[in-house]
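Visitor: I'd like to ask some things about the structure below.
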Amino acid sequence: MKRVSLTQHLVEQQRHNNAITAELRLLIEVVARACKTISHSVGKGALGDILGSAETENIQGEVQKKLDVISNEILLEANEWGGHLAAMASEEMETIHPIPNRYPMGEYLLMFDPLDGSSNIDVNVSIGTIFSVLKAPEGMGAPNEQAFLQPGTQQVAAGYAVYGPQTMLVLTTGKGVNCFTLDREMGSWVLTQRDMRIPEDTKEFAINMSNKRHWHAPVQRYVDEMLAGKTGPREKDFNMRWIASMVADVHRILNRGGIFMYPADMRDPSSPGKLRLMYEANPMAMIVEQAGGAATDGNGRILEIVPHKLHQRVPVFLGSKNEVERVTAYHQA
Ligand code: AHG
Ligand code: MN
Ligand code: MN
């Protein structure tokens with residue numbers, strides 16, 4: 001079989017469909033290269049002194065793991081000098097990171113969750129990197145946080161890398177979803193799945209059940225009906241998976257269907273759930289929609305939410321279309 005590399009795939013997209021600009025191609029290649037470096041670090045584990053806590057807190061008040069900090073630095077360094085970006089923003093940084101003056105400024109904005117699934121690092125379970133790309137608003141001048149506050153529909157590219165038994169990169173530029181596997185010997189990304197599609201129906205759900213007592217009524221109803229199985233209103237048995245790395249859960253759903261939920265709950269009525277809109281929910285929502293699935297916050301499309309702050313949180317329901325539509329309808333009932 002003839003192998004298609006990430007570079008070749010992107011060049012073809014640029015040439016035939018005019019789907020991406022040369023600058024966006026460079027951006028994606030640089031992010032992919034940074035993910036390769038992160039994957040290499042992840043693979044070293046205790047031998048690379050990358051496990052454990054960094055003993056610092058990020059803006060979300062979460063204790064940072066060493067690998068959160070390392071991955072953030074790898075992504076920042078890789079993307080600073082290429083001339084394709086105006087600024088970056090990350091889960092691990094309070095404010096935006098403008099491109100230093102010594103480098104040329106490009107027209108794109110990059111956001112990332114450098115290391116998703118931090119609680120799984122030290123136990124050798126799949127983790128990942130999530131990223132989202134926007135265009136800087138025209139005539140923006142010096143980049144500021146406001147420039148990033150665009151709805152997810154404006155994303156020009158989104159993707160994630162998953163560091164599991166295999167390292168994979170899943171990418172969309174708005175023309176379907178493709179998956180690349182890292183050839184560890186050659187150090188190259190090879191196209192291994194074209195145009196991934198999420199089955200519309202599923203018998204598998206993913207939610208952190210330990211929060212059940214805190215859920216709102218629509219989520220209680222939806223999950224209870226699934227748990228009731230064959231003799232319940234759904235008349236079929238469901239299976240459950242929860243990896244606690246969104247990348248790994250979404251990757252499973254892209255491959256065989258399923259619904260992933262991280263709802264808001266009653267613990268803190270002012271908090272709309274755990275996941276962050278700009279660099280977790282939006283890129284995943286774009287990928288899932290591009291693969292024929294759906295992604296809502298229980299009310300409407302995640303991608304249509306107009307953000308008001310960089311680190312804003314959002315309830316997330318995404319995956320197989322018919323299931324996401326059902327739980328969303330329960331919120332409106
Ligand atoms: P992060 O490691 O970037 O903070 O994100 C972790 C997220 C997400 O990946 C996962 O689905 C969820 O948190 C797990 O939450 P619980 O610990 O509540 O299961
Ligand atoms: Mn995350
Ligand atoms: Mn993270």
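Cβ atoms are placed via backbone N, Cα and C, with glycine included.
Relevant sequence annotations retrieved from TrEMBL are reproduced here:
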- 5-193: domain 'Fructose-1-6-bisphosphatase class I N-terminal' (DOMAIN)
- GLU91, ASP113, LEU115: Mg(2+) 1 binding site (BINDING)
- ASP113, ASP116, GLU280: Mg(2+) 2 binding site (BINDING)
- ASP116, GLY117, SER118, SER119, ASN208, LYS274: substrate binding site (BINDING)
- 198-332: domain 'Fructose-1-6-bisphosphatase class 1 C-terminal' (DOMAIN)
Visitor: To see if you understand the setup: which same-chain residues, six or more apart in sequence, place their Cβ under 8 Å from that of SER118 (substrate binding site)?
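Guide: In sequence order, GLU62, GLN64, LYS65, LEU67, ASP68, ILE127 meet the Cβ cut-off.
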Visitor: Can you check what DSSP calls SER118 (substrate binding site), collapsed to helix, strand or coil?
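Guide: Where SER118 (substrate binding site) sits, the three-state DSSP reduction gives helix.
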Visitor: Looking at the binding-site residues ASN208, LYS274, GLU280, which has the shortest Cα distance to LEU115 (Mg(2+) 1 binding site)?
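Guide: Result: the closest of the binding-site residues to LEU115 (Mg(2+) 1 binding site) is GLU280.
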Visitor: What is the average pLDDT across the domain 'Fructose-1-6-bisphosphatase class I N-terminal' (5-193)?
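Guide: Per the prediction, mean pLDDT sits at 95 for the domain 'Fructose-1-6-bisphosphatase class I N-terminal' (5-193).
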Visitor: Can you tell me the CA-to-CA distance separating LYS274 (substrate binding site) and GLU280 (Mg(2+) 2 binding site), as a whole number of Å?
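Guide: If we compare the Cα positions of LYS274 (substrate binding site) and GLU280 (Mg(2+) 2 binding site), the gap is 10 Å.
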Visitor: Could you say which of the binding-site residues GLU91, ASP116, GLU280 has its Cβ with the most other Cβ atoms inside 10 Å?
Guide: ASP116
Visitor: Of LEU115, SER118, SER119, ASN208, LYS274, listed as binding-site residues, which ones have a Cβ less than 6 Å away from ligand 2?
Guide: none
Visitor: Using DSSP, how many residues of the domain 'Fructose-1-6-bisphosphatase class 1 C-terminal' (198-332) fall into helix, strand and coil, respectively?
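Guide: Breakdown, helix to coil: 60 helix, 21 strand, 54 coil.
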